[in-house]
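Some notes on the structure that comes next.
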Amino acid sequence: MSILSVVIPAYNEGAMLHKTANVVSTILEENNIDYEIVFVNDGSKDNTWEEIEIASKANPKVKGICFSRNFGKEGAVFAGLEFAHGDCCAVMDCDLQHPPETLVEMYKLWKQGFQVVEGVKATRGKESAIHKLFAKTFYKIISDATKIDMSRASDFKLLDRQVVDAFIALPERQVFFRALSSWVGFKTTYVEFDVQEREAGVSKWSFKSLFKYAINNITSFTVAPMQIVTGCGMFLFVFSIIFGIFSLVKYFSGKSLEGFTTVILLLLIIGSILMMSLGVIGFYISKIYEEVKMRPRYIVAKTTDDNNEK
Ligand code: UDP
Ligand code: MG
C-alpha cells in the first residue's frame with residue numbers, strides 16, 4: 001500500500017499542534033490511507049517542539065524535525081520533503097487553514113494518476129484591501145514570469161515522489177515552493193478549497209515580511225524589473241533627443257533658452273530613475289551573493305528519530 005507523507009511546517013504553533021496532528025491522522029485513518037506526518041519545527045520560540053514530541057510518542061506515524069533556528073517556511077517545506085518517505089507528499093499549514101478533508105480528495109486524484117495536485121483558493125479568506133492589492137500585483141508579475149496562473153495558488157499541494165525528487169534536486173538556495181513545484185512540470189490537476197479561519201496563534205506575516213517575500217521571489221523568478229528599467233532608460237533617451245533638437249532649433253533661431261525649472265526637473269527625474277535602476281540591479285546582485293555563498297537552506301538540530309535511537 002502506498003504511503004502519503006504530510007509535511008507541515010510549524011513556527012510557534014504550540015497551541016495548534018495537538019489538534020492538527022489529531023485531525024489529520026483521524027481523517028486519513030477514516031479513509032484507510034497509510035500515512036506519515038512530518039512536522040518541521042522552524043525554530044519556534046514556544047512549546048511547538050515539545051508538542052511534536054508528545055504527538056510523536058502517542059502516534060509513531062507522527063515524526064518531527066527541529067531546526068536550530070528560524071529558517072523560514074520555504075526552508076521548512078524543503079526539509080520536510082527531503083525527510084519524507086511517502087510515495088506522494090502533501091504540504092499543508094499547521095493552523096488548519098488548509099482543510100485536511102481536501103487531503104483525501106488530493107490523494108484520490110493522485111491515485112488516478114495525477115502527479116501534482118494543486119490546492120487553489122476558492123476564496124482568499126479574510127485579508128485587508130491593501131493586502132489583496134499587493135497580493136494581486138505580486139501574483140500578476142509572478143504569473144507573467146512563470147506563464148502559470150498563480151493568482152489563486154497556495155502552498156497546499158500534493159506531489160508525487162517523482163516530482164518531490166525533482167524539486168529537492170533543485171540547486172538554488174532560495175526555493176519558492178509555490179511556483180517551483182509548478183515549474184518542475186508533470187501531470188497536474190487542481191482542487192479548490194476554502195481558506196479557513198486560523199483557529200489559534202497568529203499569522204507570522206507582517207507587511208514588512210510580505211514585502212521582502214515578494215521582492216525575493218520576484219527577483220528569483222524573473223528579470224522583468226530589469227527590463228522595465230531598461231524601458232525607462234530608452235524612453236528617456238528618445239525624449240532627450242527630441243528635447244535636444246527642439247532646444248537647438250530654438251537656440252539657432254535666436255531665441256534665448258530659458259528654463260531653470262526644466263533643468264532642475266530633468267535632473268531630478270533622471271537622478272531618481274538612475275537610483276531606482278541601481279536599486280534593482282542591487283537586488284539581483286544580492287540574490288547572486290546569497291546563492292554563491294552556498295549556505296545550507298536549513299540546519300537540523302534534532303529529529304524525533306534521535307529519541308528512538310537513544
Ligand atoms: N511558518 C513557518 N516558518 C515561518 C513562518 C511560518 O514554518 O517562519 C509556517 C506556519 O507555522 C504555518 C505556515 O507556515 O504552518 C503558514 O504560516 P501563517 O499561518 O503564519 O501564514 P498565513 O496563513 O497567514 O499566510
Ligand atoms: Mg495561516
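For all residues, glycine too, the Cβ spot is worked out from N, Cα and C.
Where the annotation comes from TrEMBL, it is an automatic prediction and has not been curated.
Since this is a predicted model, take the numbers as computed values, not measurements.
Pulled from TrEMBL:
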type     : residues : note
DOMAIN   : 5-127    : domain 'Glycosyltransferase 2-like'
TRANSMEM : 228-252  : transmembrane segment
TRANSMEM : 264-285  : transmembrane segment
Integer mean pLDDT for the domain 'Glycosyltransferase 2-like' (5-127): 91
Can you break down the domain 'Glycosyltransferase 2-like' (5-127) into helix, strand and coil residue counts using DSSP? 50 helix, 32 strand, 41 coil
